[in-house]
Structure formats: C-alpha cells, structure tokens
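Peer 1: Structure in structure tokens, see below.
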C-alpha cells in the first residue's frame, strides 16, 4: 500500500517537473525568437556562477538545442574569483557529468577588490567591472558569438524600479545588448521566466548550488527592498507583475516626457506626427479593475513534443 502511494507521488512530481520544464522551454524559446538572440552557427558562451539561474539557463538551452531548427554550439564558462571557501570541484564535476564543453577561468579578482576597496564598503561595482572584462576576453578567446547571462523577468523589473527610485531613469535590463566596443553581444534568454519557476526547477533538478555570499560583501539592500515590494504586490494584486512586465514591452514615447525619444517641437497645427497615440488631453484613461495581463501558465497543459520556434537565419 505504501509503495503505491510513493509511486503515485513520484508520478505526480514527474508530471509537475515535466510541465515546469516545458513552460521554461517555451518562455526561453519565445524570448530567443522575439529578440533574435541565437542565430544559426552561433557559439553561445553560458556564464555559469553555480546559482539557480545560471544552472537553469544552461539546462534549458541544452534541452532546446536538441529540437531547434538551427545549429548552435554551447560552452559553459565559470569565473573562479578565488574567493575563500569557494568549492572548486563542484562545477567541473557537474559539467563533466552532463558532457558539456566548459572552461574554468581562474582570476584572483577577490584579492584585487579587497586591496582596492576599504573595509565595510560595497565591493559589487568594482567586482562587476572586473568580471565583465574577463568574461568578454574569454568570449573572444573561445570564439563565442553570444554571451548568455541568467537574469530573469524579476531581475528586469527590479532593475526598472531601482533606476526609477534611485537613478531617475526609466531603464531596465535589456534582453539583448552589444558591448561598448561593439565586439560582444550579450543575451538574457530567461527574460520571460519567473524567478519562482526557476527556484522550483532548480530544486526539482537538484542542481549543486554554490552559495552566493562567499565574497562577504554587504547585501544589496536597495534591490532587496524592491524585491520585497514586488513580492508583496504579487501576493496582494495577482497579475500586477505580469502587467508591469507587459508595460516595458509597450512603450508610448509621445506620452512620456523625454524630448530625446520623441520630438515634441515638431507638433504643429494641422499636422499629426507619426508616433502619437490618441488625444487624452482632457480625458482620464479608463482602466480595467483587474490587471489586463493574467498569468495562466499554471493552468496550461503543454503538448507532448512541443516545438519551439526559433528565427532561422537565411
């Protein structure tokens, strides 16, 4: 009797994991297609930190590649920054176990940061710049055409509010960008993925997670406050997070105040410039009492063998 109960439980867990994986595959596949992140013949360098996000990114990309209508290569790269207590064996052992090409880059950025930054000050800014430079260099050495990072939808929304609250900018994380020197293209294939989905997936797949607090730096309190704010909104107002993410995909420049984005000076009597969307000078916009975008992913049953649509390069 107990064996039957365990069997049914295992079946349910397997079914739920299958649904979750297909949802993540669909979201990643859609992001890749919408922003033309990966093209035929690309060599994608997946930056692997040992956290849940980068593990999930690598796993889903490897899974998608099996049925993709284009060919692309994947190489995983980890930057060992020589932080005290960093378990150097975990990532090589894991990457060997899944038979993926990989490179471990050892650079003592930890020592440099500790030398340059006074005790008690945040080290994140300098550490980030050093890490970025090393990863760009490594991509060039490996012949990688794309650099894939594990930032997800929640990261992008948090960054949007951080820039509004503390930077005075309407700016988020782009799903795809080019480096200042024009030599590297960075992509974020998890852009449409929810953090809670990634957390569940990482637990179910039993990824060997490496703690993210080894450097001993102060936590980013501003980001944590914004994260908690968004989580509270998500609990109190279901659908609000999805609507906000939809908003950063539907920008109306003529109804903001950035004269660099929209030329307000060319507005003249008798002429309607392109890009203006509706006259609401005296009218208040009417909104639905509930968010227009509702997340239905939890209710979706995916078709077995579902194909993900990539944009193939001619």
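Note that Cβ sites are derived from N, Cα and C of the backbone, with glycine treated the same way.
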Peer 1: Labelled motif 'PP-loop motif' by Swiss-Prot, one stretch among 37-42, 43-48, 49-54, 55-60. Can you tell me which?
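Peer 2: Feature motif 'PP-loop motif' in Swiss-Prot: residues 49-54.
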Peer 1: Quick one: of 124, 127, which of the binding-site residues has the smallest count of other CB atoms within 10 A?
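Peer 2: Result for the binding-site residues 124, 127: minimum number of other Cβ atoms within 10 Å at 124.
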Peer 1: Specify the secondary structure state of residue 127 ([4Fe-4S] cluster binding site) as given by DSSP, simplified to three classes.
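Peer 2: Reduced to three states, the DSSP call for residue 127 ([4Fe-4S] cluster binding site) is helix.
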Peer 1: Which residue counts does DSSP give the motif 'PP-loop motif' (49-54) for helix, strand and coil?
Peer 2: 3 helix, 0 strand, 3 coil
Peer 1: Kindly state the mean pLDDT of the motif 'PP-loop motif' (49-54) in the predicted structure.
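Peer 2: Result for the motif 'PP-loop motif' (49-54): average pLDDT 96.
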